[in-house]
Amino acid sequence: MRPTVVSMGKHFGNLGKMYGEHRFALAPNEQKAYKGFFDQAFVKTFKTYVWDQWYYYIPQTIGAYLLYDWAKKTNVAANRKNPADFANDQ
Amino acid sequence: MKINNSLLNFVNGMLVTLPSSKTLTLSWNFGSMLGMVLIFQILTGTFLAFYYTPDSLMAFSTVQYIMYEVNFGWVFRIFHFNGASLFFIFLYLHIFKGLFFMSYRLKKVWMSGLTIYLLVMMEAFMGYVLVWAQMSFWAAVVITSLLSVIPIWGPTIVTWIWSGFGVTGATLKFFFVLHFLLPWAILVIVLGHLIFLHSTGSTSSLYCHGDYDKVCFSPEYLGKDAYNIVIWLLFIVLSLIYPFNLGDAEMFIEADPMMSPVHIVPEWYFLFAYAILRAIPNKVLGVIALLMSIVTFYFFALVNNYTSCLTKLNKFLVFMFIISSTILSWLGQCTVEDPFTILSPLFSFIYFGLAYLMLFIFMSSKLLFK
């Protein structure tokens, strides 16, 4: 929202000039409370945040996890003896 | 009567009849949730203060007394302790949302928000110390000692905060008073934060078709804040089932100045800053980097650019920033050992690199569209 709205004293009633009017109404007997619920809540959400935007975060997250896993394993290896050095002991 | 009417009109214009964009999603609930948690923390904290004694020999015992003897004392303590984590969860969500939608275009809101963030960090740190457990005591020693890097006045400031020559009971009294008073100051700044926000309205990534296509704030968005109750139910359930999962085991041992813990770590919400601090071998530079990890974002408010937004590039960078911050947080609780000592400076560099890259792009994109 633009800062001009309030700083110029705009409030409901003088926000902007509108020509013509479109009106939409739904009769009570036409209403279905759960119409589109599963589509909006699950399918659309999945599409919006995962299907269409996976390249923003999924590859980076996988890369971060692989780095995390590598670091942990390297740290464990650095804190113990190298078994190969003792392979000939018996 | 005139004054009352003016005040009523002021509040009405900001909370009821504010023309608001239709595109505000649940991401805008983070702010209202933070307001609720702040009030919640003040209430639970006030009740805990009834039984707490900021004396070095009794502080830890009074905490145990609250847990075991005071009626419902354990509930208040668990809620207060986990409420701090809840606050920081939503604080970080709120900040990241601000970065995604480039909310730093609203300069006053951004500046006051960062100030609140810094004050809340101080508040959380001082609260951590009040338990007077091993981790509390030694965290206080480490963090207050950092102030000694201030030129000329550093050692004096440290001695003043300690009220002596080490972290003692006097330090505890100092922190208790501040821990109790600071939230009221935060409350005032939060109020200012809200007034600044509602003077301009929220930013959004979708530009509505001019000014005329707006809805009233009151039934739509005030009512939408009721969705927060879902988070509250989750919070209560998780707090009661896993009361101390976000804490440290050393918090159950009374402070012992003669023996430090094997591994000193701050709470989870400070780990990224702690990792940055440790990544730099020099103490002065480390403290400067620690401060800059937050102060950097003040610079975003110095740029005059409202309309030129590269939203997709910004989204990519913010996701990268979130991931690098998460890795830094993990590194902050790792020991100072082989691969971590390489990764900490690397990700500190990435953290600052991404922050300044976002700033640079924000400055430059205005020129692109000039």
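Here the Cβ of each residue, glycine as well, is placed from N, Cα and C on the backbone.
Between the stretches B:221-240, B:261-280, Swiss-Prot puts its transmembrane segment entry on B:221-240.
Here the transmembrane segment (B:284-304) has Cβ contacts under 8 Å with residues 104, 107, 110-111, 114, 117-118, 121, 146, 149, 272-273, 276-278, 348, 351-352, 355-356, 358-359, 362-363, 366 of the same chain, all six or more residues outside its ends. Checked against B:His94 (heme b b566 binding site) by C-alpha proximity, the binding-site residues B:His80, B:His179, B:His198 yield B:His198 as the nearest. Cα of B:His193 (heme b b566 binding site) to Cα of B:His179 (heme b b562 binding site): a distance of 21 Å.
Using a cut-off of 8 Å between Cβ atoms, the transmembrane segment (B:30-50) and the transmembrane segment (B:342-362) share fewer than three residue pairs, counting only pairs 6 or more apart in sequence. Outside the transmembrane segment (B:221-240), and at least 6 residues removed from its termini, the chain residues within Cβ reach (under 8 Å) are 15, 20, 24, 26, 28-29, 32-33, 36, 78-79, 82-83, 86. Cα to Cα, B:His80 (heme b b562 binding site) and B:His198 (ubiquinone binding site) are separated by 29 Å.
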